[in-house]
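Following this message is one structure expressed as structure tokens.
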Amino acid sequence: MGAMAPRTLLLLLAAALAPTQTQAGSHSMRYFETSVSRPGLGEPRFIIVGYVDDTQFVRFDSDAETPRMEPRAPWMEQEGPEYWERETQRAKGNEQSFHVSLRTLLGYYNQSESGSHTIQWMYGCKVGSDGRFLRGYLQYAYDGRDYIALNEDLKTWTAADVAAIITRRKWEQAGAAEYYRAYLEAECVEWLLRYLELGKETLLRTDPPKTHVTHHPGSEGDVTLRCWALGFYPADITLTWQLNGEELTQDMELVETRPAGDGTFQKWASVVVPLGKEQNYTCHVYHEGLPEPLTLRWEPPPSTDSIMSHIADLLWPSLKLWWYL
């Protein structure tokens, strides 16, 4: 996405960058389609991004010099010209449908054409380790708020407000749920399995986490122990702290899994403990790339390394600031 993309669009697409929560061995495909009106600046901008698991594999941007569906993963370059032409035409058709929907929603909400408005559509499917359908999902948002969603039964709709009820009634009369269910349970699964085969060297790999525990003295006689997991794939991982074998779920700080920028992920969990009691606490790491769960403790450095340890402590605030960017 270019640096000049509307802030609203950036916020709505940020969800796509968050790792999906999946069952071990399961895989998902998701598309995010977004249209943003910009009065006085021409037609609405329309963007599609497609993800297999946590990997972006296709993208369309109506603001591109030559708007086309394009590969965003090396393994997608195996698809031929017919595929890209078909997907480009589908994207352009959806773009026009979104333009109509933006005008329709202005009427539903009694809004003027002078303001900028946004529609986002997310849909996709998930399969288990055996390649069989697990679930499908499809939902719309308008101006950053839920609008209408297909329920998990893929037969009924949840409308978020009075305007969305109008849409729900129209779609119930048209049998839209049946149409979408047929796609999600069959065609979506077929394409997901195809993409998993094309990208199997990347998508089906398992990179075990590199782990360690760091030690950060506090100002009140306590210590923060932070358990790090770095460089792992896929994104699904569990970190827990235990005190003498009992989990400390309530007392633990746990950050969301973050992309590392190289196709792997990072995560940490921390707990505040009394000074001198560090050895009573253990970090436990669960990931499908590990032959068995890991158990870690903080290992105090030898006394001869105390100076280097102090220098390392001084450097941690820079790393912490980087992590929260």
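The backbone N, Cα and C atoms fix where each Cβ goes, glycine too.
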Between Cys188, Cys283, which residue forms the disulfide that Swiss-Prot gives for Cys227?
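Looking through Cys188, Cys283, the record in Swiss-Prot gives Cys283 as the partner of Cys227.
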Under the DSSP assignment, what numbers of helix, strand and coil residues are found in the region 'Alpha-2' (115-206)?
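Residue counts for the region 'Alpha-2' (115-206) by secondary structure: 40 helix, 29 strand, 23 coil.
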What whole-number Å value do you get for the CA-CA distance of Asn110 (N-linked glycosylation site) and Cys125 (disulfide bond)?
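That comes out at 34 Å between the alpha carbons.
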How long is the line from the C-alpha of Cys283 (disulfide bond) to the C-alpha of Cys125 (disulfide bond), rounded to the nearest angstrom?
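On Cα coordinates alone, these residues lie 34 Å apart.
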By DSSP, how many residues in the domain 'Ig-like C1-type' (209-297) are helix, how many strand, and how many coil?
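Split into helix, strand and coil, the domain 'Ig-like C1-type' (209-297) gives 3 helix, 52 strand, 34 coil.
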Which residue among the glycosylation sites Asn110, Asn280 has the fewest other Cβ atoms within 10 Å of its Cβ, if you could check?
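Looking at the glycosylation sites Asn110, Asn280, the Cβ with the fewest others within 10 Å is that of Asn110.
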Of Cys125, Cys188, Cys227, which is closest to Asn280 (N-linked glycosylation site) if I measure between C-alpha atoms? They're all disulfide-bonded residues.
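So, spelling it out, the nearest of the disulfide-bonded residues is Cys227.
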